[in-house]
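These come from TrEMBL:
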type: ACT_SITE; residues: H200; note: active site, proton acceptor
type: BINDING; residues: G30, A31, A32, G33, G34, I35, G36, D56, N117, I140, S141, N142, M250; note: NAD(+) binding site
type: BINDING; residues: R104, R110, N142, R176; note: substrate binding site
type: DOMAIN; residues: 25-168; note: domain 'Lactate/malate dehydrogenase N-terminal'
type: DOMAIN; residues: 170-336; note: domain 'Lactate/malate dehydrogenase C-terminal'
Amino acid sequence: MFSARSIFNTVQRRAFSVSAQQNSKVTVLGAAGGIGQPLSLLLKLNKRVSDLALYDIRGGPGVAADISHVNTKSSVNGYDPTPEGLKAALDGAEIVLIPAGVPRKPGMSRDDLFNTNASIVRDLAKAAADHAPKAKILVISNPVNSTVPITAEVFRSKGVYDPRKLFGVTTLDIVRASRFISEVKKTDPANEEVTVIGGHSGHTIVPLLSQSNHPDISGEVRNQLVNRIQFGGDEVVKAKQGAGSATLSMAYAGARMADSLLRAAQGEKNVVECTFVESPLFKDQGIDFFSSKVTLGPEGVEKIHEIGPVNEYEQGLIDVCLQDLSKNIAKGQAFVKENP
Ligand code: NAI
């Protein structure tokens, strides 16, 4: 049985897929990596993407040649790891996804990646600010809580920062929360949406189960579910035994976020994702970036939603989150000031 709403959505989506302007260039920086390759493949399957630009310090043209044989209409180009290659990859991009950088090994926190990834993201952000200043930038490289402020500082220093166009990709936390709650409740994850706010690492990931379809989840079941959503990435790091972190589920999540932005850019209304953006919600506590529900529009961020009602347990999670988050953000901001 279809509900009236799902029929409406289907009809609406079909209407959009026919009428949508389809000339969107999407660039992936770090396209030959564990995330970059499946992400690029999923973007090749997206009818809203007309040009796919794949850049990496190694292997970009090879991945592009491979993906370009998939029989969808978009053109795919790989670029050499030179300043000219990077410029050409970025020129005219509507969306730039950045999964460049090293992933975690067992025992590492996302913050342990800071030393390597901060400079990678800073340098790619400089190139994006120079060659695609109006693009929507989706930062995947960890630690997202710091790499997003780094990107903001770089864009600001070049006079092209538009907070509506900078996103930390936390979609994997939403995807995991939906899947994990469906496993607890034996339901279809397609019908489970869980708002996840805060940041993208450990205790900064705050799922709001009280706002889900199952506000009744409590006690030890709740504690375990919240812990699994916060530390789900560790399950993958452990299972991969040193070979990296989540790549396939992350590619799926990144492709979903890019698609949401493309849909919003092409006129679809009420496109909402949780994402880590410059946010007024905790600015009075010195926290410039925060993930919450965001309505997306043609220019990127259209409306940042209030957190809404939370229970005492969730308020406790938020308090812990804010402490870590403020340090992570400050670390990113300081890095660019000290290492411009
Ligand atoms: P990977 O090592 O498999 O791939 C990274 C790619 O980046 C490599 O192909 C490498 O050559 C490339 N690269 C490095 N420096 C570059 C530069 N300056 N310019 C262009 N390309 C460059 O790593 P993986 O597994 O793809 O992870 C990438 C990042 O994504 C990591 O920082 C990881 O922690 C993060 N991640 C983020 C998640 C999220 O939810 N936001 C989830 C999972 C991972």
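A Cβ is built for glycine as well, from the same backbone N, Cα and C atoms used for every other residue.
TrEMBL feature annotations superimposed on the structure.
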residue	record	DSSP (3 states)
G30	NAD(+) binding site	coil
G36	NAD(+) binding site	helix
R110	substrate binding site	helix
N117	NAD(+) binding site	helix
S141	NAD(+) binding site	coil
H200	active site, proton acceptor	coil
M250	NAD(+) binding site	helix
Q) Taking each of the binding-site residues G30, G34, G36 in turn and counting other Cβ atoms within 10 Å of its Cβ, which one has the fewest? A) G34
Q: Using C-alpha positions only, work out which of the binding-site residues G30, R104, R110, N117, R176 is nearest to H200 (active site, proton acceptor).
A: R110
Q: With the Cβ under 6 Å from ligand 1 as the test, give me the qualifying entries from the binding-site residues N117, S141, R176, M250.
A: N117, S141, M250
Q) Among the recorded positions R110, R176, H200, which residue has the largest number of other Cβ atoms within 10 Å of its own Cβ? A) H200
Q: Take the C-alpha atoms of N142 (substrate binding site) and G34 (NAD(+) binding site) and report the distance between them in angstrom, rounded.
A: 14
Q: Taking helix as H, G and I and strand as E and B in DSSP, count the residues of the domain 'Lactate/malate dehydrogenase N-terminal' (25-168) in helix, strand and coil.
A: 64 helix, 28 strand, 52 coil
Q.
If I take every residue in the domain 'Lactate/malate dehydrogenase N-terminal' (25-168) and average their pLDDT values, what number comes out?
A. 97
Q) So which other residues, same chain and not among R104, R110, N142, R176, have a Cβ within 8 Å of the centroid of the Cβ atoms at the substrate site? A) P103, P143, H200, S201, G233, V237, S245, A246
Q: Out of N117, N142, give me whichever of these binding-site residues has the highest number of other Cβ atoms within 10 Å.
A: N142
Q.
Taking the Cα of G30 (NAD(+) binding site) as the centre, which of the binding-site residues listed as R104, R110, R176 lie within 10 Å of it?
A. none
Q: State the count of C-beta atoms found within 10 angstroms of the C-beta of R104 (substrate binding site), not counting that atom itself.
A: 21
